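Q: First, the structure itself, so that you have it in front of you.
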């Protein structure tokens, strides 16, 4: 069968001349480097050396005319079982653990960054705390969820491009996604600027609305810095540089605490949003300095404003479902809090306790999910079905281990955790009673997080978004309302309903992962990377999608 008849067989144009034995050894070298590279962290020089060896492992060679020709190892259907690159369970496990540790610290620091302002604002008075809480909730639902959700498309685009050896595209995708999110956020910034008009339908107290609007108007200035950090973080993660954002936040968290303490003491309420705005831009600038001075420049093609605003269609096809995935989850938990408010003051306070504990314990499985998503996407980009399947199997093993550990920790220390937030015995009784349900819910949610990460790596965000909408809004929330109010189970009923929806979501997404059509996934990944694309590099030449020199194409305006 010819390559024209079967798209899984490579076009002769994309394959270097050589024997099948050479192509197989190149694939094996590539897979070995994929397995080893993120297991250890050494010096900057050794990191660059590993990345250089990774590039050679992808089979990038130079011909007699010094034109780079890339051997696209994507989908060589002629490889049999003996030829398929192999990765070991032990190597995969080590790599996932090594990647997850810095990521879990990153997300934990981000969580603390989001809440530490509220602790200091609470000392100013109940009105200030209420206004800040409303502003933070509005920011999370309309801002943070949008930034995080849309940037998940980079989990697919950047990681698969890196795995395919098309490094310049990694940087171009980052630029394109950053420009896209910033433009889409302009109406959101307008909503924040005039938020009092919209929030007036929810909160009747005028003085609270004025303070909330003031808080959000200042955050408009800081939001672009956060967008740059979120997309930049994924730009680096796709290159297996997981620790950069950890270093940045390790500095920015105490910096933000000092800023909050100083500015709130000096300026009062407005000091908090000013502090977080300065911190967001500091995070973005430090991440940029890390790329410029330390590691991550290998995938930077040079800045191109015109190309950053081109070809948003394929990216939007993954970014919008990613937004739906994240937004549906954010909103469901806010709705759960509204339900809890109708159960009484004690139940609302207990809800604050259990939701905060759930958020804290969520950071570890979420970090593991991001590490796995990146890893599987790189394998998909490199064309190794076997390695992708091994990584997926290890992923579910890790999900079982992490989920069980999290579940047991919450159950064993449920009273100690609750005492960190309140000493009221009535509130503690409700929280402690609900905590075992939270624990089991976290076990199911861990599987959900891992499965969703794998679906993102495959470019199947749309499937995951459908499941999220159905499980949260057709199953979880209606069932939570029924159990809490109609059957009188109170806060426990709310979390039982939510847990049922999340369990169904975890099962549904896991089935989709297990039944993955890997040849089709590889084909779609290759089609994404084979789309004609030119990216400007520092010497003002361009590199075409097949890796060959293409300065003449650029001069002709193609």
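Positions of Cβ are set from backbone N, Cα and C atoms, glycine also.
Below, the features straight out of TrEMBL:
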COMPBIAS  8-26  compositional bias 'Polar residues'
REGION    1-26  region 'Disordered'
TRANSMEM  103-123  transmembrane segment
TRANSMEM  129-147  transmembrane segment
TRANSMEM  179-203  transmembrane segment
TRANSMEM  215-232  transmembrane segment
TRANSMEM  244-264  transmembrane segment
TRANSMEM  270-294  transmembrane segment
TRANSMEM  315-340  transmembrane segment
TRANSMEM  360-378  transmembrane segment
TRANSMEM  390-414  transmembrane segment
TRANSMEM  434-455  transmembrane segment
TRANSMEM  467-488  transmembrane segment
TRANSMEM  494-514  transmembrane segment
Q: Is the transmembrane segment (467-488) in contact with the transmembrane segment (270-294), using at least 3 Cβ pairs under 8 Å (sequence separation of 6 or more) as the test?
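A: Not in contact, no.
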Q: Of the stretches 103-123, 129-147, 244-264, 315-340, 467-488, which racks up the most C-beta pairs under 8 Å with the transmembrane segment (215-232)?
A: 129-147
Q: What stretch of 315-340, 390-414, 494-514 shows the most Cβ pairs under 8 Å to the transmembrane segment (129-147)?
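A: Out of the listed stretches, 315-340 contacts the transmembrane segment (129-147) most.
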Q: Any residues 6+ beyond the ends of the transmembrane segment (315-340) with a Cβ under 8 Å from its own?
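A: For the transmembrane segment (315-340), the list is 137, 140-141, 144-146, 148-153, 156-157, 173, 176-177, 180-181, 347-348, 350-351, 355, 452, 456, 459, 461-462, 464-465, 468-469, 472-473, 476-477, 480-481, 484-485, 491, 494-495, 498.
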Q: The transmembrane segment (179-203) and the transmembrane segment (360-378): do they have three or more Cβ pairs under 8 Å, with pairs 6 or more apart in sequence?
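A: Answer no: the transmembrane segment (360-378) and the transmembrane segment (179-203) share fewer than 3 Cβ pairs below 8 Å.
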Q: At a C-beta cut-off of under 8 Å, are there same-chain residues at least 6 beyond the transmembrane segment (179-203) that contact it? List them, or none.
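A: Sequence-remote neighbours of the transmembrane segment (179-203) are 134, 138-139, 142-143, 146-147, 150-151, 209-210, 212-213, 216-217, 219-220, 223-224, 227, 231, 308-309, 312, 315-316, 319.
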Q: Taking residues 6+ outside the transmembrane segment (494-514), which of them lie with a CB under 8 Å of any CB in it?
A: 332, 336, 339-340, 343, 351, 354, 392, 396, 434, 437-438, 440-441, 444-445, 447-448, 451-452, 454-455, 460, 463-464, 467-468, 471-472, 475-484
Q: Which residues of the chain, 6 or more past the ends of the transmembrane segment (103-123), have a CB below 8 A from one of its CBs?
A: 129, 132-133, 136, 140, 233, 237, 242, 245-246, 249-250, 252-253, 256-257, 260-261, 264, 269, 272, 275-276, 279, 356, 359-360, 363-364, 366-368, 370-371
